[in-house]
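> I have a structure I would like to understand better, so I am pasting it below and will then ask my questions one at a time.
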Amino acid sequence: MATFQVFIVLLCLGVLPDAAESCGGNLIARETAQFLASPNYPNYPYTDNLNCHWTIQAPTDHTILAQVTDMDIEYDEGCPYDYLRFLENGVYSTKYCGTGSIPAFDTSTPRLDVYFTTDNSVQARGFQISYRAVSGIGRIRLAGGSTPNKGRVELLSGGYWGTICDDLWDINDAHVVCRMLGYHRALSAHGDAFFGAGTGDIVLDDVQCTGTEETIFRCPAATSSDCTHSEDAGVICDPYIRPCADLPDPANGHVTYDQAYALYRCDHGYEISGTPNRTCTENGTWVGPEPSCKRVSCPLPDDLPNGYYTYTGLLYMDTMTYSCDPGFTYGHPDNKVTFVCGPDRKWDYTTLPTCTALCGNGDLLTDDSGVLYSPGFPGNYQDRQRCTWVLKPRDNHLTLFRLNFLQTEHFYDKLTVYEGSSTSGDIIVTLSGRYPPDDVFSSKTTDDVFVVWETDATVTDRGFNLTYWASDCPFPPSISNGVSSFSGQLAGATLQYTCSPGHLLIGDANTTCVEGVGWSAPVPTCQIVTCPALPSPSQLVVSDHVCMTYGCSASFSCSVGFELTPASPSQTVCQADGTWSGQEPACQVIHCPALQRPEYGKILGNETAWGSVIGFECKYGFSQGSEFRTCEGAGTWSGNDVICKDPIQCEFEADFCSYEQDRSDDFDWTRNNRETTSPGTGPSSGYGDLDYYYAYIESSPPHRPGDVARLISQEFEPEGCPLLEFHYHMFGDSVDTLNVYIETRTNKLVRELVWARKGDQGSAWQEAQVSFPTEGYHKVIFEAFVGDSHTGDIAIDAVRLIQQACAEPTTDHPTTAEPNPTFPPTESTPSVTTQTATNSGMANVTTTAPTTTAAHPTVSVEPGTTLMTTVDPTTITTDQPLTTLPATLVPLTDCRVDQYVTGGGIDIISSPNYPELYPPNLDCWYVITTDPGYSLQVNILNFDLADSPNDNNVTSGGCTGDYLEVHAPLGAPPSQRYCGQALSPGTTFTSDSTFALHLATDGASASGGFSALIRSVPASA
């Protein structure tokens, strides 16, 4: 049965017998066990008429050890029918049949032949053979015994037989040897050369087989030894073949066999429980109950004075621990010692430990509770003692005391308890004499105390017995961002936590000390208050903002072109109540200060919001400054202030400025910055400094006496009440006349002589000032006459306008006109009045310009309309008639802009509130005109109306809400409607001297609107 079980295990391990389904073959033996078996083994009987032959071959330096592990072959005396046979070194073995086992085959050569033969009847289970290759040292035999199954164990080593030392030799080692020799088991193991002393080497020592090894060479063992042959090991193998299978070893024991008897034995420390023997019957079954091995027991431990014991049990290998009572010790670091129940049924101590009350030397005691005794208690303490202990029953807990016994020499022998771990702490109590206090006392501020026992050199007594323990609750743990207050640390005490400002208490604020539990609630936490997300209105910039909890701050500013409203804070702080300080910030567009219109110029636009562009137009040219200025993010205008030239200003440094030479006179004025070509006349340089230029007439030939030269300024409209200031130089014997005229155009044209000089005025520059009329358009005319000889040069320089205070008006002028005026046709130009000067004064002479007839239609205007009239003030001269352009009718609305652009000038128009959102329900007309001979160019700068094009409304340009229409020229049918962002920046419309835009909005959403640059360019451009 045992061999069959082994085979099953081998199958489970995946090791199959060689040639398990074959009948013969060549097999290679290795040093590990291999198997061969009869066909169909073990599941089915072998078949009839078999003649199987196996050849087992080992390496040349090995032999073969073969063992029949199971055999069930048809039996008959002499095995004539079915049998197993071996051939080794040319010699056949006997035939084997029946059941049971046979001795192992230990060949002397590396080859073994196995034969199996069956007849034509009766089958059985068959056989199984274990075989392996054995090196030279693998040979084993028994010697010195009276029968083959007993004797001294000898091993072949180096060609000589040696022995095994009996150190550690036991039945398990004997089992392995007997199985190697072909026996089922060993009956006994022997030492001390029981079968006589051998010779040769002692091959193995300290063999420690478990009993299951295939060969002794796989057991742990030493190959060197200090043994002699008087310690040779031997075995007695069981030759008996029992019909019963081997029994399993009991736990902590083993089974040996004596013929049909199984003998149960237990390991050290164990004893048999039950009948120790069982018997094998002829039918192959064991009779008798199966015993077990149980642990032996030890007696109860002896009592320990001033101590006690605890144990895990009283059986073999159980432990027992002696501990000293609190306050006593026997010097062991843990103040306890552990003993073990041995196999001899005794605890492994020889004498009991002794528990004594010792004198502490700064000993740290950390048990939750304990007892201190005076040394020798309950006997008398000694004199001249100083004992110290540090007590720390539990971290963060107070220590409480009760004095159970006190009997000392009063005053001289005393017990003192200190706060802390040394005598530097406050004294809690000092005890001496015979009267212990009834009350419990405790430490106050620390979780450790220092106890000192001191005696003098004389009287001794029994001493003290002091019990201590930890308080019910610990010191309250501190919490971050909070404080605690408590009434004590004993049961019933209360504890309260409070958080610092800006923190919320999470958990229970109040807790109670409970005996055996501690504080009844866990420690709360103080969580910092968190403020909500900061507002993020349009254009707001948040900086210095790294957190959103209590105490965190943030700064506010606005994006470029915007600023905080006056009520908005520049900084905010997260407050204790979880809100941000101050009101919610908001940004508003930055406005630049309003720009002033420059004198003699106009400002194009009136917006002051960031990003707005303001243009300037000088009527008579720029003197200095920026033509366009932009409102920038700091609320300041880009560029420099504009200063416009006054209409007549000229120093003649580069040219004649805006003055023109009269083409109807005799010759032209000349510029010069040195002396004139004629001696004895004229200046040497311009007014003010050397090398300055001036204008003059040269009176030398080819100019003739009486020839005249005129300089005529451009036409201008004065602002305020200016004075004409100029400097003149009239030096020479034959200087003639210098006249200054002011030509004024209202509904008539008047040329007035306002200043005149004749003759030599000295060799220095002189200054003159002349007043202007306050109404109308004006020109300044400088007129100079050539004298009788070359010494009549006349010069002018530094011409300009200067302001003076205006006189108070004496009459009121009407501010309204008759409705529906009718303009009659103009048939002639008005008269022109010229004043001439003499040396004695001023005389008025009136002349009449030539009459020219020009028929113009009379236009009637219906109520509710506005008459548009454009006149070119720069093309009307004394010989031209004043004309009126045809009127154009435009609807009169509340949102109407009439824009006149001087020829060659520029201007800017925009939607209401630009660049902010335009209002709803607009009906705006922009009517732009310029001078005849000029065309208008409208260049889109920005365009953003609320509606988007709608493909379903093609007839209206796709725009049904907010839109812009173009009339080019004025009076022409409207263009398609534009909305959304249909007009990109740079889009340009052109027209003649008139142009109109129509902006309409609905009551729905609005957008930024539009802005456009208006240019007046010559019509040929």
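Glycine is treated like the rest: Cβ placed from N, Cα and C.
According to TrEMBL, the protein carries these features:
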type	residues	note
COMPBIAS	812-845	compositional bias 'Polar residues'
COMPBIAS	846-858	compositional bias 'Low complexity'
DISULFID	C209-C219	disulfide bond
DISULFID	C266-C293	disulfide bond
DISULFID	C298-C341	disulfide bond
DISULFID	C499-C526	disulfide bond
DISULFID	C531-C574	disulfide bond
DOMAIN	23-134	domain 'CUB'
DOMAIN	140-238	domain 'SRCR'
DOMAIN	242-295	domain 'Sushi'
DOMAIN	296-357	domain 'Sushi'
DOMAIN	359-471	domain 'CUB'
DOMAIN	471-528	domain 'Sushi'
DOMAIN	529-589	domain 'Sushi'
DOMAIN	590-646	domain 'Sushi'
DOMAIN	648-808	domain 'MAM'
DOMAIN	895-1017	domain 'CUB'
REGION	810-866	region 'Disordered'
SIGNAL	1-22	signal peptide
> Can you tell me which of the disulfide-bonded residues C209, C341, C499 is spatially closest to C293 (disulfide bond)? Compare CA atoms only.
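Of all the candidates listed, C341 is nearest in space.
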> For C298 (disulfide bond) and C574 (disulfide bond), what Cα-Cα distance in Å is obtained after rounding to a whole number?
76
> Cβ distance under 8 Å to C209 (disulfide bond), same chain, sequence separation 6 or more: which residues?
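C209 (disulfide bond) has long-range Cβ partners N172, D173, H175, V176, I216, C219, P220.
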> Between the Cα atoms of C266 (disulfide bond) and C341 (disulfide bond), find the distance and write it as a whole number of Å.
17
> Can you tell me how far the Cα of C531 (disulfide bond) sits from the Cα of C499 (disulfide bond), in Å?
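So the alpha carbons of C531 (disulfide bond) and C499 (disulfide bond) sit roughly 17 Å from each other.
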> Given a separation of at least six residues and a C-beta threshold under 8 Å, show me what packs close to C526 (disulfide bond) in the same chain.
I479, S480, N481, G482, Y497, C499, S500, H503, L504, L505, I506
> Using DSSP with the three-state reduction, classify C298 (disulfide bond) as helix, strand or coil.
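Reduced to three states, the DSSP call for C298 (disulfide bond) is coil.
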> Relative to the domain 'CUB' (23-134), which of 140-238, 296-357, 529-589 accounts for the most Cβ pairs at distances under 8 Å?
140-238
> Could you tally the C-beta atoms, other than its own, that fall within 10 angstroms of the C-beta of C341 (disulfide bond)?
26
> Take the C-alpha atoms of C341 (disulfide bond) and C574 (disulfide bond) and report the distance between them in angstrom, rounded.
73
> Determine which recorded stretch among 242-295, 590-646, 648-808 has the most C-beta pairs below 8 angstroms with the domain 'CUB' (895-1017).
590-646
> These are the disulfide-bonded residues: C219, C298. Which one scores highest on other Cβ atoms within 10 Å?
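Max Cβ neighbours within 10 Å, all protein chains included: C298.
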> Considering the disulfide-bonded residues C499, C531, C574, which residue's Cβ sits among the greatest number of other Cβ atoms within 10 Å?
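Of the disulfide-bonded residues C499, C531, C574, the most buried by Cβ count within 10 Å is C574.
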> Can you tell me the three-state DSSP label for C209 (disulfide bond)?
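Note: C209 (disulfide bond) is coil by DSSP, not helix or strand.
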> Can you count helix, strand and coil residues in the domain 'CUB' (895-1017) using DSSP?
3 helix, 57 strand, 63 coil
> Translate the DSSP assignment of C219 (disulfide bond) into the three-state scheme.
coil
> Mind giving me a neighbour count for C266 (disulfide bond)? Other Cβ atoms within 10 Å of its Cβ, every protein chain shown.
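I get 21 for this one.
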> Counting every protein chain present, what is the number of Cβ atoms, excluding its own, within 10 Å of the Cβ of C293 (disulfide bond)?
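There are 21 of them.
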> So, three-state DSSP: helix, strand or coil for C293 (disulfide bond)?
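It is in a strand.
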